[in-house]
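What Swiss-Prot says about this one:
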{"type": "BINDING", "residues": "R9, R10, E11, Y12, K69, Y126, R130, S134, R194, L195, H196", "note": "substrate binding site"}
{"type": "BINDING", "residues": "R64, I65, L66, L67, L68, K69, F79, T80, K86, Q108, Q143, S144, W188, R198", "note": "FMN binding site"}
Amino acid sequence: MTQSLADMRREYTRDGLSEANAPSDPFSLFRQWFDDAVKTERLPVEPNAMTLATVDADGHPHCRILLLKGLDERGFTFFTNYESAKGRQLAANPRAAMTFFWPALERQVRIEGEIEKVTAQESDAYYQVRPLGSRLGAWASPQSRVIADRAELERLLAETERRFADQAPSCPEHWGGYRLLPQRIEFWQGRPSRLHDRLDYRHQDGVWARERLAP
């Protein structure tokens with residue numbers, strides 16, 4: 001490495017986060033921040049990219065980057081192979097955490113909650129608007145399973161292309177969406193001298209309560 005890790009740092013000076021300017025509903029604040037990220041983050045950065053953390057049946061944590069594909073008053077939706085490693089982990093322990101980081105805005109959002117599968121109709125609706133290659137890939141790839149080499153994956157894709165040569169692929173039963181039902185949402189805004197702003201929303205008795213956390 002050309003630079004010491006201990007010397008890598010930057011000052012956060014772009015903005016602040018005060019209770020006076022933060023709505024009581026965390027979904028409203030998330031939408032505001034997400035819209036800001038869409039306008040500000042430079043391509044090819046994907047503002048809907050997030051880290052999804054899960055825990056397997058043995059208590060081991062796992063995380064990976066996914067794309068947020070839905071947001072409404074119920075929660076945050078993403079799609080994957082139900083038979084993948086993350087799918088098996090969510091079946092064993094249906095709780096997860098998400099983290100969004102928008103460095104250009106010096107902002108981070110952490111979300112924790114329970115997981116539910118979306119309906120088959122919701123999964124199919126999203127599947128049908130995906131590019132054809134992605135739809136075929138959902139059939140072809142045995143996600144998270146060991147394969148011999150890249151050639152095996154390409155062979156599986158070729159077989160899938162032949163299978164659906166004369167018909168549009170339907171949504172596989174092993175593929176679909178999950179929704180994270182948030183119980184906690186924390187908004188982090190970088191500030192100078194590492195004295196960051198942190199507003200923590202917790203869902204209690206059907207309402208959202210908000211507190212400020214020390215950085």
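Glycine residues also receive a Cβ, built from the backbone N, Cα and C atoms like all the rest.
The binding-site residues shown are R9, E11, R130; of these, the one with its CA atom nearest the CA of L66 (FMN binding site) is R130.
Here the CA atom of F79 (FMN binding site) lies 11 Å from the CA atom of R130 (substrate binding site).
Calculated from their C-alpha atoms, the gap between E11 (substrate binding site) and L68 (FMN binding site) amounts to 29 Å. The subset of binding-site residues (R9, K69, R194, H196) lying with their Cα within 10 Å of the Cα of W188 (FMN binding site) consists of H196, given in sequence order.
DSSP classifies W188 (FMN binding site) as strand under the three-state reduction. Across R9, R10, E11, Y12, K69, Y126, R130, S134, R194, L195, H196, which the record gives as binding substrate, the greatest C-alpha separation is 43 Å. Taken residue by residue with DSSP, F79 (FMN binding site) is part of a strand. Here the Cβ of R194 (substrate binding site) has 10 other Cβ atoms within 10 Å, regardless of which shown protein chain they belong to. Annotated pair R194 (substrate binding site) and Q143 (FMN binding site), C-alpha to C-alpha distance, rounded: 40 Å. For the pair formed by R9 (substrate binding site) and R64 (FMN binding site), distance between Cα atoms is given as 24 Å, rounded to the nearest Å. Per-site Cβ counts within 10 Å over the binding-site residues R9, R64, K86 peak at K86. Sequence-distant neighbours of K69 (substrate binding site) (same chain, 6+ apart, CB under 8 A from its CB) are N48, T77, F78, F79, Y126, G177. Reduced to three states, the DSSP call for E11 (substrate binding site) is coil. Across the fold, the C-alpha of L68 (FMN binding site) and the C-alpha of H196 (substrate binding site) stand 26 Å from each other.
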